[in-house]
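Taken verbatim from Swiss-Prot:
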- T29, L30, G31, P32, D86, G87, T88, T89, T90, G413, N478, A479, A480, D494: ATP binding site (BINDING)
Amino acid sequence: MAKLIAFDQDAREGILRGVDALANTVKVTLGPRGRNVVLDKAFGGPLVTNDGVTIARDIDVEDPFENLGAQLVKSVAVKTNDIAGDGTTTATLLAQALIAEGLRNVAAGANPIELNKGIEAATQKTLDELRARATPISAPQEVASVATVSSRDEVVGKIVAEAMEKVGKDGVVTVEESQSLETTLDITEGISFDKGYLSPYFINDTDTQTAVLENPAILLVRNKISSLPDFLPLLEKIVESNRPVLIIAEDIEGEPLQTLVVNSIRKTIKAVAVKSPYFGDRRKAFMDDLAVVTNATVVDPEVGINLSEAGVEVLGTARRVTVSKDETILVDGAGDAEAVEARRQQIRREIETTDSTWDREKAEERLAKLSGGVAVIRVGAATETEVNERKLRVEDAINAARAAAQEGIIAGGGSALVQIAETLKAYAEEFEGDQKVGIRALAAALSKPAYWIAANAGLDGAVIVARIADLPNNEGFNAATLEYGNLVDQGVIDPVKVTHSAVVNASSVARMVLTTEASIVDKPAEETADHGHGHHH
């Protein structure tokens with residue numbers, strides 16, 4: 001495939017045009033008076049949204065050189081969304097401003113390497129300032145404020161806060177479509193996994209087609225149970241104690257399974273057998289989690305516990321277990337609260353130390369399962385278009401609330417960034433030459449979110465930014481009420497984690513663009529057919 005190559009100024013200008021194409025589309029959505037963007041979808045109706053990352057993902061630019069720029073900024077939005085789940089519009093805007101400001105200086109003869117050193121120093125200073133300004137939050141109304149700002153909907157804010165309060169900041173909050181017009185919240189306490197009963201003969205509640213066990217003995221086995229002589233001694237002890245039993249093992253086959261089924265039909269025993277979920281190390285880790293939650297010991301020959309010799313002391317219990325054909329839910333396990341908390345801390349350490357995204361995601365899932373219940377927010381609306389739009393906002397709100405609970409909040413509306421920009425201008429005086437220029441470039445970029453929030457409200461952004469710069473910490477401009485004041489008290493707040501990742505990702509992409517000397521793209525095929533040569537402007 002033939003390539004087209006553009007060098008220095010041409011390459012950078014092409015990239016900047018692509019950056020602008022994407023960022024200008026996204027920035028109209030910023031702030032309480034921001035607008036929506038309509039996306040044409042190949043399937044179903046058009047999607048109306050103000051979610052930055054959803055819009056960014058949809059944009060590809062025709063000119064291949066410009067498209068490089070668009071894709072680079074798209075990566076800022078996507079990465080910010082992956083880390084913090086919100087703040088994608090702010091990140092896109094910061095990247096655009098920083099790239100434009102930086103390229104202007106490069107065109108005027110600044111050294112890109114020195115500029116980058118300045119931007120890097122300024123980024124670090126900004127992060128330090130953000131941390132210094134952070135206010136920790138815990139009260140439900142503070143969480144509700146964060147969620148309300150993110151979703152622009154008070155009802156959603158309250159529901160998200162309630163969900164977080166019930167399941168904790170590490171708990172699972174899922175979003176589903178509601179069958180009604182109302183948006184509602186359901187909480188299920190306990191730990192669940194996606195495996196159901198091995199035989200429908202275990203069902204004892206025919207209305208719901210589930211097996212329900214009250215205060216059962218819970219037997220956890222690391223390997224397969226395939227030998228009846230090994231299994232029978234422990235099973236007989238359980239039958240003698242007159243308790244129902246839940247058995248979770250890698251698999252239960254042959255005679256042991258037949259024995260359980262036959263005795264369940266005869267009602268001599270109330271039992272359910274379930275395969276353990278996942279594979280390999282994940283399965284092992286999850287079984288160990290279950291053991292802690294239910295106060296059981298996993299039967300595992302590797303650690304010297306054989307099924308044939310195991311006594312009732314290996315059994316755990318829970319208040320209630322419900323098993324459907326594809327899910328098992330254990331409610332109120334008998335595990336010691338301190339042991340469960342120690343297990344959570346161990347998983348948190350794994351999350352912090354692992355380099356693999358996949359491992360981290362799986363560990364986060366385990367942490368969420370261990371952190372108590374599962375909250376389900378069912379989103380209702382009159383039309384499918386509206387439901388989809390609202391679901392995106394609810395997901396943003398959950399992410400924002402979680403981020404705020406983790407790292408605290410700052411004044412929203414871009415105000416904190418404007419004030420940090422003032423600090424950067426003073427900080428720049430400690431540097432020389434192009435490094436100083438780099439620090440000033442980030443300072444200029446940091447005022448852009450506040451500028452566009454004001455501009456989207458139909459006001460003069462420059463005037464408002466100048467006024468915010470003189471205000472003390474936590475004060476700024478509220479674009480919803482069009483008044484200045486203490487934004488934290490008014491509930492106009494941003495999670496530090498969201499702003500933090502927006503700044504880091506924008507700075508990272510801008511530094512890459514500033515040091516770009518050439519861009520290479522595939523030569524468009526139809527051009528060769530028509531003219532025998534590619535052209536580029």
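Every residue gets a Cβ built from N, Cα and C, even glycine.
Shown here: features listed in Swiss-Prot, placed on the structure.
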residue	record	DSSP (3 states)
T29	ATP binding site	coil
D86	ATP binding site	coil
N478	ATP binding site	strand
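When Cβ atoms from all protein chains are considered, those within 10 Å of D86 (ATP binding site) total 34, not counting its own.
With the fewest other C-beta atoms within 10 Å around its C-beta, T29 stands out among the binding-site residues T29, T90. Fewest other C-beta atoms within 10 Å: among the binding-site residues T88, N478, that description fits N478.
Sequence-distant neighbours of G31 (ATP binding site) (same chain, 6+ apart, CB under 8 A from its CB) are G413, W452, I453, A454, N456, A457, A479. Within 10 Å of the Cβ of A480 (ATP binding site) there are 16 other Cβ atoms, across all protein chains.
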